[in-house]
Amino acid sequence: MKLELREITKRFGALVANDRISLAVEPGEIHALLGENGAGKSTLMNVLYGLYASDSGEILLDGVPQRFTGPGDAMAAGIGMVHQHFMLVPCFTVAENVMLGHEATRFGGFLNLDAARDKVREIADRFGFDLDPDALVEDLPVGVQQRVEIIKALSRDAKVLVFDEPTAVLTPQETDELMGIMRQLRDSGAAIVFITHKLREVREVADRITVIRLGKVVGEASPTATNAELASLMVGRAVELIVHKNPPRLGEVGLAVSELTVIDHHGTHVVKNVSFEVRRGEILAIAGVQGNGQTELTEALLGLQKHVRGSIRLDGVEVSGQSVRHLLDAGVGFVPEDRNEDGLVGDFSVAENLMLDRAHGEPFVKAGSVQQRKLMEFARSKVAEFDVRTQGIDEHVKFLSGGNQQKVVIARELSRELRLLVAAQPTRGVDVGSVEFIHEQIVAARDAGVPVVVVSTELDEVSALADRIMVMYGGHIVGIVPGATSRSDLGLMMAGERMTEGAAA
Amino acid sequence: MSVVTSRASDPVVTIGGETANPVSRKVPIVFTAVTVIAVLAAISARSGDTAFRFTRSSADPTQLPEMHLPVCPTLWVIAVLLAVGTLFAWRRLLVRRKVPMWLVAVYGTLAVIGFLVWAGVGHAIPLVGLLGGALSLAVPLVYGALAGVIGERVGVVNIAIEAQLLSGAFTAAIVSSVTKQPLLALPAAMVTGMLVGMVLAAFSLKYLVDQVIVGVVLNVLVIGLTSFLYSQVLVPHADQLNTPVRLDALPIPLLSDIPVIGPVFFRQTIVVYLMYVAVAVVAAGLFRTRWGLRLRAVGEHPKAADTVGIKVISTRLWNVALAGAIAGLGGTFFTIGSGIAFNKQMTAGMGYIALAAVIFGKWHPIKATLAALLFGFASNLQNTLSVIGSPVPSEFMLMLPYVVTILAVAGLVGKSRAPAASGKPYVKG
Ligand SMILES: Nc1ncnc2c1ncn2[C@@H]1O[C@H](COP(=O)(O)OP(=O)(O)OP(=O)(O)O)[C@@H](O)[C@H]1O
Ligand SMILES: [Mg+2]
């Protein structure tokens, strides 16, 4: 089906998020939408999907103007969407989430859960995804939730499919599988819109590229363009795609984890007897397919996991079993993998979110009252420094674009005195220009003598930042290898294959 | 800083390599407390007998003899059994296993029997009357709790249960008095309950007024309105308008002949039978059908439901209306179900107790029903004991239903969580 958007305009108060955007996607075409954080990509797609009503403009399918009053109409017209912010019901199982809205039923309206399970398994197999249809979504790490969100969209045979940053938390292998599926769908005549910040993917799979900046279409690009060309078209300036970092100046052991075991609330051992050390001034990157214990390990470092055995020492002092409050005060910076769930309060302002973990005392709170002036100053400077695109520091965080929300979390965590930085998916959904900046900030923290633990499914990010790389599989450490280890070796290790142990442990 | 490797309050024990669930200590602790009380009661018990009567009247088809229990020995036997149960519960804790539900049930029953024996010394306790009355008192609560469960599950806090019960009671009284057809009064009561539900839905969904506030206002409004109409219209025309024809009890053949159980459960009015059906249908519907899945999705994550094409507002509207109808039906119990004329504020806060049952029942229809039944039982126990005359001070007895409910819930119900979007309006972005 051919999709045409004509002169779509969408305003949020004074902000024009989409300014007369026109876009045409032919059947059998993968059309990539590029643009900085806050450029208006998700907004445009939400208009298409009937979630937002546009202020003006037209949507045409095969030349016929459409009137969508809600997502139900858009879906009925054959449009499907993978949402940037997952639209999953946390306390439902995977199968229930996938079937919701088009449930297969037996006599009397009873759900046919078996059919839903089969559907999930069938699509998951096509991808090479490993997914239990009966797992509760709230128990799944974001990478796995992403798989569910994709399967949900694919389960409905849409003719027009929108993928809004589906690869932000997928591993390279999963991304390749997904791109394979996208090609299959294209070849069977679907029109596909693909939003991503990863230029490799764009060049690999896109047939056409449209670039949006500040709500306007600024141009088209050909998939043969180089990364640097694409990046500069997006951001409007030249972008350094490589992180410059000096060899590490290693200090003493900052973080020492030994024989750490984490048990989740089902009683399963999710981290199994793990030991490692991170020195001051060193970045240890944890790689691995999501769902192999990385999430729980980072949470245990912040005291967020309840059932933990073994020891965690920070500068030689045992901290396991301490409260989160205590650990934050001790200088642990934490970037959670799921910013909406754990990192931000959507109904609080940008400024309030920036002081969220320092709400109990100096410098922002004196005698129980918030020092508004100080907070405003601080927030303004951080918003400028981290290039958070927002209408103002009083804006509710939930109205920020995905990448800008991420920048708020990063800004908060990096603007304290740190003794340890734990960052899970630090650049999730962030545009190339800001990735560069965030990487520089993480390297700066390391050079200031902070031990840093980074968890990322993105191997480029792992290689760019890591002084050493630790690979996890099934809750175990497969190995700890030098930062320069090749992608293919890492890939093997991520599948659980043991390498000869690297430099240090 | 001290070295803490695992938290003292939540020890993790490994069995054969794998670790079992962390288990709560609440049950063993509550059991211990009850056992101690039982032993104290056994020590201090007065001598004498307590009789249990198993038949209501000499007209019952199966006549069972009274059972006489000597107080002291019985209490000791029960205390020992309770102690054994307590030991078993602690043992389960040590091996990190949950105390099975049947044990909790048996334990509770034993404790109740013990209490009856202790409190009824020298008297005869009418068991059928005790249980039957408990069921009766629980009927409006169960209906109200179902209405509350549906409301909260779909994302609307239904504080207006009280208003729905009361308006149902009022309508039923009038319709039954005028038409002399109590069966006609049932749909009429459902319609008024539904109207109250729809007003709640309209204000909270369309005009985004805080749901709790609308609910409370509706309660006050309906109390005021029915009281006004009562004194202005019903009292002067009591003969035509407020002499409701009562619903007859419909004994179910065979089932109603079972001793004790029969008269308690199966010699009831249609309102009670409909309640059994309603509980089963709501429980199955909520978790097994498309209706339930969509309803719960709307109450948990309305935006996600919206993105798969479910109409959030109308789902909420119709289900709140349905909840209102169910509560309205429950309201009929006060008037035509019991053969009593309508009276001012005759629901006496039952709607709020029903709401409590929703929460105690963890937003689950069956558990909420059990909470309502427990409350009914405790209330009727208080009635029965004050009628036969017991050594317990009456002020304490009046507290009993509330104390029992709180203890049972706090002690034995695990952690619970309200539907995530309950009470929150849904506004499209
Ligand atoms: N519901 C809303 N209310 C107010 N402003 C909004 C709302 N949704 C989006 N915006 C604003 O519109 C702009 C465009 O946001 P959008 O989410 O479309 O960006 P995006 O291109 O998808 O960015 P990203 O790559 O970070 O996901 C942002 O400045 C954002 O703050
Ligand atoms: Mg976006």
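Even glycines carry a Cβ here, placed using N, Cα and C.
Because TrEMBL annotations are produced automatically, they should be read as predictions rather than curated entries.
Feature annotation from TrEMBL assigns transmembrane segment to B:27-47, B:67-90, B:102-121, B:127-149, B:156-178, B:184-205, B:212-230, B:265-287, B:317-340, B:346-363, B:370-390, B:396-414.
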Hey, does the transmembrane segment (B:67-90) touch the transmembrane segment (B:127-149), meaning at least 3 C-beta pairs closer than 8 angstroms, sequence gap 6 or more? no
Are there 3 or more C-beta pairs under 8 Å linking the transmembrane segment (B:346-363) with the transmembrane segment (B:184-205), counting only pairs at least 6 apart in sequence? no
Taking contact to mean 3 or more CB pairs closer than 8 A (sequence separation of 6 or more), are the transmembrane segment (B:156-178) and the transmembrane segment (B:27-47) in contact? no
The transmembrane segment (B:317-340) in contact with the transmembrane segment (B:67-90), cutoff 8 A, at least 3 CB pairs, sep 6+: no
